[in-house]
Amino acid sequence: MPASISRSTYAAMFGPTTGDRLRLGDTDLIIEVERDLTTYGEEVKFGGGKVIRDGMGQSQRTRADGAMDTVITNALILDWSGIYKADVGLRDGRIAKIGKAGNPDTQPGVDIVIGPGTEIIAGEGRILTAGGMDAHIHFICPQQIEDSLHSGITTMLGGGTGPAHGTLATTCTPGPWHIGRMLQAADAFPINLAFAGKGNASLPAGLEEQVRAGASCLKLHEDWGTTPAAIDCCLTVADAMDVQVMIHTDTLNESGFVENTLAAIGGRTIHAFHTEGAGGGHAPDIIKVVGAANVIPSSTNPTMPYTANTVEEHLDMLMVCHHLDRSIPEDVAFAESRIRKETIAAEDILHDMGAFSVISSDSQAMGRVGEVITRTWQTAHKMKVQRGRLAEETGANDNMRVRRYIAKYTINPAIAHGLSHHIGSVEEGKRADLVLWTPAFFGAKPDMVLLGGMIVCAQMGDPNGSIPAQPFYSRPMFGAFGGALHASAVTFVSQAAQADGVGERLRLQKGTLAVEGTRGIGKADMKLNAHRPAIEVNPETYEVRADGEILTCQPLAELPLAQRYFLY
């Protein structure tokens, strides 16, 4: 006869199930399990006296007969598409199946086969998310990659060549020679990488050669001159070669205002960086572009969320990042024109409304590369505290808000940059770039990061201990070394470079994948973040209105996922 056990006992053994709720870290965000794809009474679990043993939950089937390489058991999947529990089967570095794992010879309803060649990762009581994507990287130093990976980011996209002054200010890897060297350098790192060429030119030849060399996208930056002519030329090349264009507009309004920039864009797809404006862009009203159908608006994390310290720290950051001089009044005025508490406050609310679609870092160039995920969830917490539950929520949970915010650093940047056929969600057929979290540490410290189905970093204790013992901290694992690194991570390039055999030409050890589908998309393609309010900015007070409503909120003095999580 069937046995009954309490919900708490079940959750302790197999993880939460349908209707159970749990808190994310020390935030005020509560998620509820929407459905459970496992079968009560037939759950699989590894360990002494448990289910996954020969002839029980483990079948005799070989890999050739369909057995998985790895199964993550009883995981609580947190994805833009939903919050649900399932077993996840991995094969050949990709997500082969999401459903019910086990032995089809002894158990009903099994669609994920466990065999003698299957490794098990225990997902009970853990949250499983897609690896994050940071789409605004200044490649100033290689050490950024470790900080980013260990925070839960598995794909980094941006530009640079190291601590050259062009890179310190702009996310561009300029020219075929530098692009080639950075593609070769990418072979050393256990993370997916993609590089942006410089998009500032008035004639196409200099841009086309960068795309053919391997640039996956092009960046227009005001420090190189984001004029209407450069915007038009860059977008024309991008449309012809299917790469995305990112734009940092003209803060000083020297070559036109936001309306002139939108006219130069001409309805074509573009990814607008730090659309609030503190990171740069038409002062004071670049934020208006969140209402444009063809613009994908994103934020960088130094303004996210708005706190008691946000405004104060930004002036110094600006002076350093843009090679400014405090002794020159015009340089100081330039910096001060970009820091507006009114637009920074409005940014939080526009994210909560789903009007801003992406969050990224702006690494070492006014952003913190290891805090994209943390600051996303701090912002979601702040908005719940200040604005209450979203009107779209059903039940005693924050599922809709949580799904909206996770989309900002997973699926939406992947769609924007033509990578969503490979990454961005927990979905069958996509790369097994996955992150496991203990709920109490969600958003702060991942338990484990998988890249291409192999563990590349994890919380690990004393290597000399008889068991993994405290202190635990995130360390690189076997997937981050040797040939496994090259088999697990990939480098994203343009279709033109892929067709030209860029991997063979540069003797790359990592595989390359081509971006595709970057043109003709827009705000409507941003999952759960497609809202297009009409934005007005008062040019004297900087007051922001969305569809006539004033957008303002107070800075927080204390945040979750902060100092208590980072004592060491």
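Including glycine, each Cβ sits where the backbone N, Cα and C put it.
Fair warning: this is a prediction, and the values are worked out from it, not measured in the lab.
Feature annotation from Swiss-Prot assigns active site, proton donor to His322; the stated evidence is sequence analysis.
Applying an 8 A CB threshold to same-chain residues 6+ apart, the list for His138 (Ni(2+) 1 binding site) reads Gly158, Gly159, Gly160, Thr167, Leu168, Ala169, Thr170, Thr171, Asp362, Ser363, Gln364, Ala365. The Ni(2+) 1 binding site feature in Swiss-Prot is assigned to His136, His138, Lys219, Asp362.
The Ni(2+) 2 binding site annotation in Swiss-Prot covers Lys219, His248, His274. In the three-state DSSP scheme, His274 (Ni(2+) 2 binding site) falls into the coil class. The number of other Cβ atoms within 10 Å of the Cβ belonging to His274 (Ni(2+) 2 binding site), over all protein chains shown, comes to 27.
Remark: His221 (substrate binding site) has Ala169, Thr170, Thr171, Cys172, Lys198, Gly199, Asn200, His248 as non-local neighbours, by Cβ distance under 8 Å and separation of at least 6 in sequence. Mapped onto three states, the DSSP output places His221 (substrate binding site) in strand. Look at Swiss-Prot and you will find His221 tagged as substrate binding site, backed by sequence analysis.
Feature annotation from Swiss-Prot assigns domain 'Urease' to 131-568.
Taking the Cβ of Lys219 (Ni(2+) 1 binding site) as reference, residues of its chain lying under 8 Å away and at least six apart in sequence are, in sequence order, Gly159, Thr170, Thr171, Cys172, Ala196, Gly197, Lys198, Gly199, Val245, Met246, Ile247, His248. Annotation comment: Swiss-Prot describes Lys219 as N6-carboxylysine.
Of the listed binding-site residues, namely His136, His248, the sparsest CB environment within 10 A is found at His248. Across the fold, the C-alpha of His274 (Ni(2+) 2 binding site) and the C-alpha of His136 (Ni(2+) 1 binding site) stand 9 Å from each other. Neighbouring residues of the recorded Ni(2+) 2 site, listed in sequence order and excluding Lys219, His248, His274, comprise His136, Thr170, Thr171, Leu220, His221, Glu222, Met246, Ile247, Thr249, Ala272, Phe273, Gly279, Gly280, Gly281 (Cβ within 8 Å of the Cβ centroid).
Using a 10 Å Cβ-Cβ cutoff, Asp362 (Ni(2+) 1 binding site) registers 30 neighbours.
In the three-state DSSP assignment, the secondary structure recorded for His138 (Ni(2+) 1 binding site) is strand.
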